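Beneath this line is the structure, given in structure tokens, with notes to follow.
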Amino acid sequence: MTAQISPPRRLALIGILSAVGGSLVFSVNDVTIKFLSGDYALHELVLIRSSIGLMVMLCFILPFQGGLPALRTKRLGAHLLRALCVVASNLFYFLGLAAMPLADAVAVFFIAPLLITALSVPILGEKVGPRRWFAVGLGLAGVIVMLRPGGSTFHWVALLPVASALCYACMHMLTRHMGMTEKAATMAFYVQLSFITVCLIMGLIVGDGHLANQSDPSLAFLFRGWSWPHHGDWPIFLASGTASALGGFFIAQAYRLCEAGLVAPFEYVSMPMAIFWGATVFDTWPDTTAWIGIALICGGGLYMLWREAVVRGEKH
């Protein structure tokens with residue numbers, strides 16, 4: 001006889017698998033954005049990526065989520081606020097990627113799951129014990145090590161993934177709050193639509209390249225003018241758009257179904273992927289200081305995950 005999984009456990013399993021799947025897919029998106037950031041403008045990359053992502057979602061995801069009627073919502077304001085958080089998070093993160101080693105940017109960004117846990121207390125009313133607060137502090141210490149404040153190697157660009165992480169955490173608070181009434185596909189649709197809208201506006205402002213003469217890699221990425229993509233780069237754009245659609249859907253599904261504190265640590269699967277992609281695609285490897293920061297950040301998240309499992313085991 002096949003063992004039956006209780007509904008709460010089944011939802012938790014689906015949420016965890018969604019978080020892992022979304023994180024793996026988003027690692028592909030990170031690689032494509034960093035790879036293309038030296039030749040194309042930020043608004044152009046994200047506009048093409050999101051246009052492809054929107055088509056993928058409408059053609060291959062939405063039909064399994066109830067079709068076009070699933071896009072109807074009575075919470076348009078909440079969707080727009082959530083979408084703006086996603087857009088801000090991505091733009092900050094991509095600007096950081098343009099100038100930072102991939103593994104470093106991902107590691108600093110991984111303060112996000114710890115921020116999600118911290119914000120889940122005042123915003124969602126979830127309970128976080130002292131040991132999980134210790135994990136949050138451990139992660140913050142790791143970020144400080146990664147940023148290297150006061151050192152000769154500190155650069156303002158390193159703060160961009162931190163800003164991205166804060167926006168990302170706020171987005172997931174909204175996801176959890178909206179999860180009882182809104183489908184993951186609905187959330188993903190408004191996110192892609194917002195990306196397209198914001199990037200079109202950015203294109204109108206900086207698309208002619210009149211601000212393109214920038215020496216800093218992040219600012220050059222931000223203000224570079226529009227240039228028609230080379231035909232050999234279209235497969236990379238396609239991979240980025242597909243990863244954006246699938247990753248956005250999976251992550252929304254994870255936080256819609258489960259407590260933020262449960263699924264957030266599973267996003268750490270992106271860290272070894274970032275190190276792998278950085279070494280194989282960009283020939284970069286974290287230095288000793290970066291390894292210490294990575295260990296503290298990931299250690300805090302994994303310790304929090306272990307404590308969550310212990311607490312849940314005691315309850316059952």
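Heads up, the Cβ atoms here are built off N, Cα and C, so glycines get one too.
Annotated features, as they stand in TrEMBL:
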DOMAIN    14-147  domain 'EamA'
TRANSMEM  46-68  transmembrane segment
TRANSMEM  80-99  transmembrane segment
TRANSMEM  105-125  transmembrane segment
TRANSMEM  132-148  transmembrane segment
TRANSMEM  154-175  transmembrane segment
TRANSMEM  187-207  transmembrane segment
TRANSMEM  234-255  transmembrane segment
TRANSMEM  262-282  transmembrane segment
TRANSMEM  288-306  transmembrane segment
Contact check, the transmembrane segment (132-148) vs the transmembrane segment (46-68), 3+ Cβ pairs under 8 Å, seq sep 6+: no
Touch test for the transmembrane segment (262-282) and the transmembrane segment (105-125), at least 3 Cβ pairs under 8 Å: yes
CB contact flag for the transmembrane segment (80-99) and the transmembrane segment (288-306), at least three pairs under 8 A: no
Top partner of the transmembrane segment (288-306) among 46-68, 105-125, 154-175, 187-207, 234-255 - counted as Cβ pairs under 8 Å: 105-125
Remote residues contacting the transmembrane segment (105-125) - C-beta distance under 8 A, at least 6 residues beyond either end: 30, 93, 96-97, 132-133, 135-136, 139-140, 142-143, 146-147, 158, 161-162, 164-166, 168-170, 172-173, 176-177, 259-261, 264-265, 267-268, 270-271, 274, 286, 290, 293-294, 297-298, 300-301, 304
Counts by DSSP class (helix H/G/I, strand E/B, coil) across the domain 'EamA' (14-147): 114 helix, 0 strand, 20 coil
Close approaches to the transmembrane segment (46-68) from elsewhere in its chain (Cβ under 8 angstroms; 6 or more beyond its ends): 29, 32-33, 90-91, 94, 183-186, 188-189, 192-193, 195-196, 199-200, 203, 229, 237-238, 240-242, 244-246, 248-249
Mean of the pLDDT scores, which run from 0 to 100, over the domain 'EamA' (14-147): 91
